[in-house]
Amino acid sequence: MAQLIDGKLISQQIKDELKEEVAQFKAEGIDICLAVIQVGSDPASSVYVRNKKKACAYIGVESRSYELPEETSEEELIKLVEELNADESVNGILVQLPVPDHIDEDKIIRTISPNKDVDGFHPVSVGRLWIGEKGFLSCTPAGIIQLLKRSNISIEGKECVIIGRSNIVGKPMAALLLRENGTVTVAHSRTKDLKEVAKRADILIVAIGKERFITSEYIKEGAVVIDVGMHRDEANHLCGDVDFADVEPHSSAITPVPGGVGPMTIAMLMNNCVETVRK
Ligand code: GUN
């Protein structure tokens with residue numbers, strides 16, 4: 001039987017640790033405030049934003065909400081972000097993505113001060129990550145490192161294969177695994193012989209966005225399998241990029257969907273909020 005990597009439990013442990021840390025900061029007179037901006041009312045975004053605010057309340061971070069109408073112009077959004085950059089009572093700024101099509105997402109990300117970039121999306125944060133400098137880490141990949149470490153799965157020297165090369169998951173994941181001394185391969189939609197490449201992995205991280213795409217044919221016996229995907233299948237069940245029932249018997253450890261990587265992202269966002277006040 002594979003070890004089930006319990007993201008719900010591990011994220012709860014992290015949030016409880018952060019809650020204590022936040023209480024200590026409060027006792028020293030240091031409050032933490034996260035500004036959360038949502039443009040429009042995409043239902044999925046609304047759920048994410050609500051969960052982020054709930055997590056803030058749980059650990060004792062103030063969340064300041066900005067719910068802007070769909071028609072908000074790029075200039076208006078930039079002006080708000082610049083005001084929040086200058087506001088000393090705001091520690092972190094999060095603009096929920098995607099923003100509407102008439103707003104240039106990259107421009108918004110670059111407007112957020114790198115000192116308040118709790119998503120870790122700003123090019124300065126990305127650069128710091130790749131040169132091994134302290135900075136805000138992209139939340140999902142940072143959460144995956146925590147899942148592995150807290151499940152006593154060592155990364156050093158291991159063959160790590162990431163499937164997916166997005167700026168939010170695949171690329172920062174590669175940087176973080178390298179930092180932990182893994183041997184890293186990034187595979188993607190144009191990779192030849194994907195099955196053979198995936199089968200090299202001691203640790204396989206899947207972020208391709210295709211429902212139950214990864215079957216046991218992609219798995220080396222005993223591999224650790226981390227599933228970043230989240231889909232609702234025809235039967236209305238949540239599932240990942242990995243065909244769990246098929247892969248689980250061949251893995252030594254595996255994340256479920258839901259309850260694996262998902263809850264870790266918000267826990268690491270909370271960690272980045274606390275990071276804004278750490279020395
Ligand atoms: N939309 C989907 N995931 C994310 C995330 O991690 N941060 C932000 N800001 N928007 C998202």
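Numbers run from 1 along the shown chain.
Every residue gets a Cβ built from N, Cα and C, even glycine.
Residues annotated as NADP(+) binding site in TrEMBL: Gly164, Arg165, Ser166. Long-range Cβ neighbours of Arg165 (NADP(+) binding site) (same chain, at least 6 residues apart, Cβ-Cβ under 8 Å): Lys171, Val186, His188.
Here TrEMBL flags 5-119 as domain 'Tetrahydrofolate dehydrogenase/cyclohydrolase catalytic'.
According to TrEMBL, the domain 'Tetrahydrofolate dehydrogenase/cyclohydrolase NAD(P)-binding' annotation covers 138-278. Confidence for the domain 'Tetrahydrofolate dehydrogenase/cyclohydrolase NAD(P)-binding' (138-278), expressed as mean pLDDT, is 98.
Long-range neighbours of Gly164 (NADP(+) binding site) (same chain, six or more residues apart, CB within less than 8 Å of its CB): Gly170, Val186, Ala187, His188, Ile205, Val206, Ala207, Ile208, Gly209, Val228. Here the domain 'Tetrahydrofolate dehydrogenase/cyclohydrolase catalytic' (5-119) is broken down by DSSP into helix, strand and coil counts: 61 helix, 18 strand, 36 coil.
Secondary structure of the domain 'Tetrahydrofolate dehydrogenase/cyclohydrolase NAD(P)-binding' (138-278), assigned with DSSP and counted as helix (H, G, I), strand (E, B) and coil, comes to 51 helix, 29 strand, 61 coil.
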